[in-house]
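S.K.: These came from Swiss-Prot, pasted as-is:
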BINDING   Phe22, Ala57, Tyr58, Glu59, Thr81, Val82, Ile83, Phe114  5-amino-6-(D-ribitylamino)uracil binding site
BINDING   Gly86, Thr87, Arg128  (2S)-2-hydroxy-3-oxobutyl phosphate binding site
ACT_SITE  His89  active site, proton donor
Amino acid sequence: MKVLEGAVAAPNAKIAVVIARFNSFINESLLEGALDALKRLGQVKEENITLVRVPGAYELPLVARRLAESKKYDGIVALGTVIRGGTAHFEYVAGEASSGLGQVAMNADIPVAFGVLTTENIEQAIERAGTKAGNKGAEAALVALEMVNLLAQIDAA
């Protein structure tokens, strides 16, 4: 039986990180975790990482699509934070970010790792950005690298 499984180390991978500015006090912690994971665990060279800042989580899919269509990147990490408020705005932004990024991955055939926090409150977001619940930015970066390697294995099989 042949087993295909992606590894994390991807020293030659070209990775784009797209990060929302809105809720930057949380997103910057996600970014720190993602960059640390890419460089330290994934062994990705700094010159192979491109950072793109967008206004908010809603804008992540469009920019991710443009990056994917450029064919310059092996994987994309999308980072942002959407915190529930008193209106339906949360559902719209979180839903569009999630489905839009998924569509980019499927249509462009490129790993797009979802590092967008969707939380009930600020405390939950802070916990997921590097305190009690780990750093979801780092987790998303590792997912992107593993998927880059896994897709390469599938292509070579």
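Every residue gets a Cβ built from N, Cα and C, even glycine.
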S.K.: DSSP secondary structure for Val82 (5-amino-6-(D-ribitylamino)uracil binding site), reduced to helix/strand/coil, please.
M.R.: strand
S.K.: Which of these binding-site residues has the least crowded Cβ, counting other Cβ atoms within 10 Å: Ala57, Val82, Ile83?
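M.R.: Candidates: the binding-site residues Ala57, Val82, Ile83. Fewest Cβ atoms within 10 Å: Ile83.
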S.K.: From the Cα of Arg128 ((2S)-2-hydroxy-3-oxobutyl phosphate binding site) across to the Cα of Phe114 (5-amino-6-(D-ribitylamino)uracil binding site), what is the distance in angstrom?
M.R.: 13
S.K.: Out of Thr87, His89, Arg128, the recorded positions in the record, which is closest to Thr81 (5-amino-6-(D-ribitylamino)uracil binding site) when you go by Cα distance?
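M.R.: Among Thr87, His89, Arg128, Arg128.
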S.K.: What's the CA-CA gap between Ile83 (5-amino-6-(D-ribitylamino)uracil binding site) and His89 (active site, proton donor) in angstrom, rounded?
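M.R.: Between the Cα atoms of Ile83 (5-amino-6-(D-ribitylamino)uracil binding site) and His89 (active site, proton donor), the distance comes to 10 Å.
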S.K.: Could you round the CA separation between Thr87 ((2S)-2-hydroxy-3-oxobutyl phosphate binding site) and Glu59 (5-amino-6-(D-ribitylamino)uracil binding site) to a whole angstrom and send it over?
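M.R.: Rounded to a whole number, the Cα-Cα distance is 19 Å.
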S.K.: Based on DSSP, name the secondary structure state of Tyr58 (5-amino-6-(D-ribitylamino)uracil binding site): helix, strand or coil.
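M.R.: Note: Tyr58 (5-amino-6-(D-ribitylamino)uracil binding site) is helical by DSSP.
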S.K.: Please work out which residue of Thr81, Thr87 has the most C-beta neighbours within 10 angstroms of its C-beta, and give that one of the binding-site residues.
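M.R.: Per the Cβ count, the most surrounded site is Thr81.
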S.K.: List, in sequence order, the same-chain residues at least six positions removed whose CB sits under 8 Å from that of Glu59 (5-amino-6-(D-ribitylamino)uracil binding site)?
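M.R.: Listed in sequence order, they are Ala20.
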S.K.: What does the structure give for the C-alpha distance between Val82 (5-amino-6-(D-ribitylamino)uracil binding site) and His89 (active site, proton donor)? Integer Å is fine.
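M.R.: Val82 (5-amino-6-(D-ribitylamino)uracil binding site) to His89 (active site, proton donor), Cα-Cα distance: 10 Å.
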S.K.: Counting distance between Cα atoms, which of the recorded positions Gly86, His89, Arg128 is nearest Ala57 (5-amino-6-(D-ribitylamino)uracil binding site)?
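M.R.: Nearest in space to Ala57 (5-amino-6-(D-ribitylamino)uracil binding site), counting only the recorded positions, is His89.
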S.K.: Would you mind reading off the Cα separation of Arg128 ((2S)-2-hydroxy-3-oxobutyl phosphate binding site) from Phe22 (5-amino-6-(D-ribitylamino)uracil binding site), to the nearest angstrom?
M.R.: 16
S.K.: For Phe22 (5-amino-6-(D-ribitylamino)uracil binding site), which residues of its chain lie six or more apart in sequence with Cβ-Cβ distance below 8 Å?
M.R.: Pro55, Gly56, Ala57, Gly80, Thr81
